[in-house]
Every structure is written in structure tokens, then in C-alpha cells.
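Heads up, the thing below is written out as C-alpha cells.
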Amino acid sequence: MGVTEKVAQAVGRAPMIALLGNPNCGKTALFNRLTGARQKVANYAGVTIERKEGQFVSPAGNQFRVLDLPGAYSLSAHTPDEEITRDVVAGLRAGEGAPDLVVCVVDATNLRLNLRLVLEVQRLGLPMILCLNMVDVAKKRGIEIDADKLAQELRMTVVETVAVQGGGEKSLLRALDELGPLAPAAARPLAAIDAVSVEDTQREVRRILAVVAKNMHATDTRSEKIDSVVLHPVVGPAILAVLMFLIFQAVFSWAEAPMDMIEGAVGAFGGIVKEHMADGVLRSLLVEGIIAGVGGVLVFLPQILILFFFILVLEDCGYLPRAAFLLDRLMGGVGLSGRAFIPLLSSFACAIPGVMAARTIQNPRDRLVTIMIAPLMTCSARLPVYALVIAAFIPDRQVWGLFNLQGLVLFTLYFAGIFSAMGVAWFMKRSLGGKRKQPLMLELPSYHWPNLRNLAIGLWERAKIFLTRVGTLILSLMVILWALSSFPGAPEGATHPPIWYSFAGMIGRGLEFVFAPIGFNWQICIALVPGLAAREVAVGALGTVYALAQSGDDVASALAPMIASTWSMATALSLLAWYVFAPQCIATLSVVRRETGHTRYALLMAGYMFTLAYTASFLTYHIARLLGA
Ligand SMILES: Nc1nc2c(ncn2[C@@H]2O[C@H](COP(=O)(O)OP(=O)(O)OP(=O)(O)O)[C@@H](O)[C@H]2O)c(=O)[nH]1
Ligand SMILES: [Mg+2]
């Protein structure tokens, strides 16, 4: 037996710990600290929506497996993510028993709410440890909790932790080592939870608090002060708008220097390869296929990272639920709940986590509508397409001495997506009918400074996702596209560049028939096809198509000036409009199918987005032409 197999076997027998608790109490931060994992941690409820498993070895050398779970207010689940938690803890998951130990994580600054869940879980009869987390914040605020008394009252081990500090998990590790071997446990049936009424549980919580805690009501005055401005009915929305606006400005202005650097490096690399390799198929694959294609996408890394820098800061400081609160009325106007805000915001990264985050929405109709409009939020894969076309067609100048015109156009495109989403939601809500809007129940967490380590990890993870995508999916698509664009080659006496006669050229020219009315030429049509697999590939594909379409031995010049000289402004605007709606990428459609459980919703989504995209591009193209663009 190899070493890895032995370890795997030992891990297989290791006791399973489940981290359970209310949303936003620090379970994932603790999970990461224990296991060294890098699961997402952020300051709002509903960050974790899946069961994640990890493992670690305690200082005494004991092996443990550990589960991070979605937060839950109670075990009588109301949302799909809470169901996951309930099923795991109650041992209802297929092929999986109840955990050997439940570590109930509670937010020490919000014990009143958190203890209810603790009492509920206790009734399942599983071995338990209570982890009093965020004691740093509680102490600062003057909240005093007597951990020993709490342990006596609850008849379980209570430890204090600070999940965001190095070593903040030590007391938990110590307690785990002191436990001794855990007997195999079976959870009592869930019905045991309902044996005690909610009122009795509340009474018990009050009784315990009176014994163990002092100054429980110490409020977070700093957050209250900030909120009096941030949630102000007039000032609040203004701050939100300015914030969003500044972000898009920064995406353009800050990214310029690093983008130039990457572009320069890619160009130089292409030049070197071209110089040192004999002309032929391999050189064409490297220069026109891989360097022009993949390099064309790589250039957008800085812009993506800048966008995520802001999103991560806002996520970690606790602003997001406030934004949801501010937008609740606006979203309520179209029948969406403020709860949809966070799934929709996640969709700016990619629609897939957004669609999945809709699990935190209780009402099935609200959830469906949120899923259906999630892809209208501009995902980061569309940013390269926007950025390319904007850089080529929109002059880089100041408007009213204040705004950068390119940033302004980008801002408009993002908003076009948001407004259309609201329109579609309104329409769907009307056709689906259903109950009137439910009040938004959303916890507003305390503000805190973003954790720099988290921020760095978050950005690094983003960069890794992007680079992996570029190095795998995009690279392989580019190679396929290059092959399709290079063969079978031009016939004798050809008047067009060889790509025109290639398989890709044939596809492009075939599709041009459909897309000519919205101003797309055959080169764009070719790029649309691999764009279905990953939208940013459209940019790489244009890079390859134009590099191959160049005549003679010209060194492939940068893509932006090339399209600027060959497309009309109307075509450029039409392509931007197309990508506001960009008929779904295939990965998103399959997640929609999985999350809704129906193929028809995926088809409906593809259909409605295609219709919207075509209509928007048609109108944009023809209006722009009328205006002389
Ligand atoms: N000051 C302080 N902040 C903490 C502590 N533990 C977690 N946090 C912060 O609290 C927020 C929530 O942490 P998460 O680990 O995402 O919480 P969670 O319980 O996994 O939340 P859900 O997945 O939404 O249920 C983050 O902003 C953390 O940085 C702690 O002990 N002290
Ligand atoms: Mg979590």
C-alpha cells in the first residue's frame, strides 16, 4: 500500500466534524484556518451555499475530517441551502451518516439569535462543542460572556475563537484533542427538534443569557453611525451610484499601464517567434493561433482584477447587504426581493455562482426569476469584449472635464444589462403571477475593515481562475479555431485571404446571412461560435481571425486598431449591444438546468436572450446608421 493510500485510509476513518451555525458567524473562516483551504469568506449572510469537505491533523496528531456548511437560522429549513445543512447534520444525505461531532459556531456579538440554533441542534443528541467566535469584536464592544458558565448551562464544551487571527483556532484544537475517541453517533430524528416549542426555546435562551452574559445589548455604535449616512433615503442611493461609477472609471484608467505592458510583452514574444521560426503551419499555429488568440484575452487580466478588487472590498467590509437594502424598493417595484441582490451581484463575476447563490431565496418564484435574469448581469467574461470594442471605437477623452468617456460607456453597458434584467423580471413576475412581495429580512452585519489577507487571496483566486481558463479552455478553443481557420487553404488564384476559404470562413459566411441585418461581418460571425463556450474567446477568436486574414508577411498588429479601421461605428455598437444580452454560454445553461431541475428553463433562457440580443443589436445598428455612424 502506498503512502497516499495509507493516508487516504486513515482519513477515511477519521472522525467527521460538521461546522454549523447561523449565517455570517465565521464558519468558513474557521474552516479555512483549520484546513488551510481558501474557501470564500465575506461579510454577509449566505456566502457558503454548498457542503465543503476538508481535513486536518490536530497538534496531538489526531486526524479529523471537517465539513463547512451553509449558514442556517434553524434546522427547519426554508431555503435550498439550509436544506443542505439540515440534511448533513441529521444524517439524511444518501451514503453519509450523521457527523461524529457538531461544532456549533456562534457569533459572540449576537448570542441571542445564535443560541436558538444551538438548542435546536442539541436536541439531535449528537456530540457537540460550542465555538464562541468573534470574541475579539465582542470584547471590544464590552460584551462579557462567561464561557465556563455557558458550558455548565449547555452541558457541553465551550471554546472561544477568533477565526480571522493566526492561532485564533487553538482553543478549539485543544478541545478536540481532549475529547478522546468518539463513539459512532446517530442523530435523533428531526422531529425531536419540534418537541420543544419556539416560545419555550426563546425562554430558555433568555434564561441562559441572564446567567452567562453581561452587557449583551452593547450595540455597535460605529456601524450605526455609518449606517445613518449609508442608509439615508437620499444620501444612501447617491453614495451607491457614485461608488459604482467610480469603479467603472477605475477599471479603465488604472488598467491602462499594466495592460500596455502585457500587450507589449505578447507582441514582442510573437515577434521573436516569427523571427526565429521558418514560415509554415507550426509558426502560424503559434503566432496567429495561440499568441494572437490567447494573448488577446490575457491582456484583460488587469481590468478583471481591478473590478474584483472593488467587489471584494465591498463584500468584506459589510456594504453589500446595505446595497441590497437600498435597492430593495427598486427591486420590489419589479417584483424581485432584495434577497436577489447578492445572487445578482455574484453574477457580475460569472452567472454560474450567481445562479447557485439563488439557493438562498426562499420563495420558489422569486428564485426562478432571479435565476432567469442572472446572466443579464455583465459577467467578467464579457468585460474583454466590451473593453476591446470600447478601446477601438470610443475616444479616450474627458467629458465635462470629469469623466473618462470610455469608462462612461462601460458604465452604460453594465447598466443596460441591469435595466433589462429589471424589465425581464417585471415581465416574468407578471406572467408567473404569485403572491405580493415579501418583506426583506436581511441581517446587516457590523462594518469592519477588509481583511488584507482575504483580499489578497480573493484576488489571487480570481487571477488563478482566469489564467486557468486562458491556459485550458481558451487555449484549446483557439487551437481548434486556428485549425478550422487555416484549412483547407486557399485555392489557385484566390482573391481573398486563405481564411475566407477555410472551414471557419465557410461557417462565418453561412452565419453572415443571419447576422448581416445587425451589421456583423463574417469575421465576427466566426468569433460568435466559440464565444458560446466562453465569451471572452470571442476576443481571442477575433485576434486569430484578423491575424490570419492579414495579407502577406505583416507582423500581426494589435487587434483594436485593426477592427477600428475595418468596422463601422454602427457595427461596433451593435456588437456591444449583442453582448449586453449575449445568448447564454453553455456552462450557464447547464447549471440553470441543474438548479431548476428542468431543461425547459434553460431553453427558455437561451431563447429569450437570443431574441433580446438580436432585437437590441438590430435597433442599435439601424439607429446608428441613420445617425450616420
Ligand atoms: N473580527 C472577526 N471577524 C471574523 C471572525 N470570524 C469571521 N469573521 C469575519 O466575519 C465575516 C463572515 O465570515 P464567514 O467565515 O464568511 O462566515 P460564515 O459563517 O461562513 O458565513 P455563511 O457562509 O454566509 O454562512 C467575514 O467578514 C470574516 O472576515 C472573528 O473571529 N473575528
Ligand atoms: Mg461560509
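Here the Cβ of each residue, glycine as well, is placed from N, Cα and C on the backbone.
Over in TrEMBL, the protein carries these features:
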DOMAIN    14-182  domain 'FeoB-type G'
TRANSMEM  230-252  transmembrane segment
TRANSMEM  285-314  transmembrane segment
TRANSMEM  368-394  transmembrane segment
TRANSMEM  406-428  transmembrane segment
TRANSMEM  466-487  transmembrane segment
TRANSMEM  499-520  transmembrane segment
TRANSMEM  532-549  transmembrane segment
TRANSMEM  555-581  transmembrane segment
TRANSMEM  601-624  transmembrane segment
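Most Cβ pairs under 8 A with the transmembrane segment (555-581) among the ranges 285-314, 406-428, 499-520, 532-549, 601-624 are made by 601-624. In this model, the domain 'FeoB-type G' (14-182) carries an average pLDDT of 91. Contact between the transmembrane segment (368-394) and the transmembrane segment (499-520) is not supported, since fewer than 3 Cβ pairs fall under 8 Å when only residues 6 or more apart in sequence are counted.
Comparing 406-428, 466-487, 499-520 for CB pairs under 8 angstroms to the transmembrane segment (532-549), the maximum falls on 466-487. Within the chain carrying the transmembrane segment (406-428), a Cβ under 8 angstroms from the stretch's Cβ atoms is held by residues 244-245, 248-253, 330-331, 333-336, 344, 368-370, 372-373, 376-378, 386-387, 390-391, 394-396, 399, 576-577, 579-581, 608, 612, all 6 or more beyond its ends. Sequence-remote contacts of a segment are chain residues at least 6 beyond its ends whose Cβ falls under 8 Å from one of its Cβ atoms, and for the transmembrane segment (285-314) they are 42, 243, 247, 250-252, 254-255, 258-259, 262-263, 266-267, 269-270, 273-274, 277, 320, 323, 345, 348-349, 380, 383-384, 387-388, 450, 454-455, 458-459, 462-463, 466-467, 470-471, 474-475, 478-479, 481-483, 486, 536-537, 539-544, 546-548, 556, 559. Away from its own ends, the transmembrane segment (230-252) comes close to residues 303, 306-307, 310, 314, 319, 322-323, 325-327, 383, 387, 390, 403-404, 406-408, 410-411, 414 of its chain (Cβ-Cβ under 8 Å, at least six residues beyond either end).
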